[in-house]
Amino acid sequence: MEGGHPYVPRDLILLDYVPVSLTQSTILGVYGISSLLVVSLVWILSGRSPKIMKIDRVLMCWWVFTGLTHMILEGYFVFSPQFYKDKTMCYFAEVWKEYSKGDSRYAARDAGVVAVEGITAVLEGPASLLAAYAIATRKSYSCILQVAISLGQLYGTAVYFLTSYLEGDNFAASSDYYYAYYVFANSFWVVIPTIIVIRCWKKICAAVKVQEQKKAKAR
């Protein structure tokens, strides 16, 4: 491996790079199981309230899952600039060493990627947990908040993809890593936020229409 690492471009300089110690199945398995536990816990707890509809329970699961992913996983990346040097087998460092095979800009600390991930971890992460709380307690700002976070996620994902494209879109070690990590893993933050924006848009429009009808009748 030119440069002593598996990433592309091969001439990328990563001094004191330490190879991934955990297997791919272990890394993905831990993330999958922990995510399933979080989602299951939220689903069970939200089911104790008969006032919360199933669709809202699903949304709560999403917001808690994505919020914790932003804050913990992406937060580690933002505040650990030399994760590729880690020798302790820290799980989070292993995740980013592995993910960098699909996008080496993470290992290279690309400014655009760090900026997007920083905003995501610091702002969108806590806001996502607030969205879950807003749904559970039926706050009036629930839909507006969900739209704002979803648009932020869509904007961040768009910047992420566009900057890669403009820079040549050649940061994956192989096509398998490209489609599994870069495309598939990120597609959730395109499809789901889009659905949430559409749903909330309809609810907001319906609420405004009802309000206008009430005002018209009161005149």
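The first residue you see is number 1, and the count goes up from there.
Glycine too: its Cβ is placed from the backbone N, Cα and C atoms.
As given in TrEMBL:
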DOMAIN    55-197  domain 'EXPERA'
TRANSMEM  27-46  transmembrane segment
TRANSMEM  58-79  transmembrane segment
TRANSMEM  111-136  transmembrane segment
TRANSMEM  143-166  transmembrane segment
TRANSMEM  178-201  transmembrane segment
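Mapped onto DSSP classes, the domain 'EXPERA' (55-197) shows 110 helix, 0 strand, 33 coil. When pLDDT is averaged over the domain 'EXPERA' (55-197), the result is 97.
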